[in-house]
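Report on one structure; see the data block that follows.
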C-alpha cells in the first residue's frame, strides 16, 4: 500500500495519500475544502500564474485570502509572512498556502523557512503546499518540514499523462477535516478513508490506465533512487542556466536562491516576441517550449527539464533552442549554450549505478 499510494515520494511516514482522477486544480480544491471552512483566513503567496490561479480558487471557494504579492521573478516574501504570523496572536490565520515551484517564472520557494517561521511563533496554522512541478524532482520533505497537505500531478515529474492528482495529508490535516465545513463530494477524503478500512483504495471507479502508469512510473523512480532523481534534476537545471548565460540572455528568476531545477524561464530582448520562439520551435523543429504567461507573456519562453529526461536529451533541446533563436534574429553564437552545458555535464554526470 505504501508504494502504491506513494508515501515515499513525499518523504513521509505519517501522511495519508489520496490518488484522485483529476488535475492539479482538483488537487488544490481537495486540499482546501477538506481542511478549511468558508470564511477562514488564509495567507497565500502570489508570485506567478499558477499561484495566481490557486488564489483565485481560494477566493471563489469563499475563504478570506490574505494575499502576499511579489514581483514576478521573485520568491515568496517571507518577511511579510513573519510579520503577519507574529501579529496574529489570536490565531485567526488558519492556513498558509504556497506554491513550491512556480513554473511561470522558474522560481522555487524555501519551504523549510516557512516552517521555521510558524514554529518560531508557535502558530497552529495548517501548512498547504502545491508541489505539482517539484515533488519527485526537487528536494521535498513533508515530515521534516511539517507540511500538512502536499499535492502533485501525474503529468510533471512522474512523466505520466495529465489526469491524476496526488494529495498527501498529515495527521493534523486529517483531524482538521473532521470539523471543516466546506462543501465537498468528489474530493472528500472521508470517502477514501472508509474504503481504505475495507481494504481497497477508491470510493468510485478509478482511472485504471493511469494507475498502471503510476505503478510503472514509481518503479522507474525507485530503481534510479529518489535522491539520485533529485540530483539529476539539479544537474539539468544548472546546465540549462549555464546555456542561457552563454547565449547572453537572462533568467526570469532574479536571485540564485530561487532558481528552479525543473523549469527555466528565459527573458528575451524587447525586440523579440517570445511567443514567436515557441511557435517556431514547434512548427520547424518539433520542439515543445513553454509560453510566457500573463505578466510575462511575450517576454519569456520556458525550458522544462523535469521528469524522465536525461542529460543528452537536454543537450538536444538546447541545440534546438539555439537554432530557433537564430531564426528569430537573435545573434546567438551557435553551439555556445550546448558547449557550456555539455562541459559542465561531462564533469558531473556520475556512472549509472545499475551498470557499475
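From the backbone N, Cα and C atoms, a Cβ is placed for every residue, glycine too.
TrEMBL entries are annotated by machine, without manual review.
What TrEMBL annotates here:
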BINDING   302  substrate binding site
DOMAIN    31-246  domain 'Aminotransferase class V'
MOD_RES   156  N6-(pyridoxal phosphate)lysine
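Counting every protein chain shown, the Cβ of residue 156 (N6-(pyridoxal phosphate)lysine) has 24 other Cβ atoms within 10 Å.
The average pLDDT the prediction assigns to the domain 'Aminotransferase class V' (31-246) is 97.
In this structure, the CA atom of the residue listed as 'N6-(pyridoxal phosphate)lysine' is 14 Å away from the CA atom of residue 302 (substrate binding site). Counting only same-chain residues at least 6 apart in sequence, those with a Cβ under 8 Å from the Cβ of residue 302 (substrate binding site) are 103, 104, 106, 263, 264, 265, 266, 289, 290, 291, 292.
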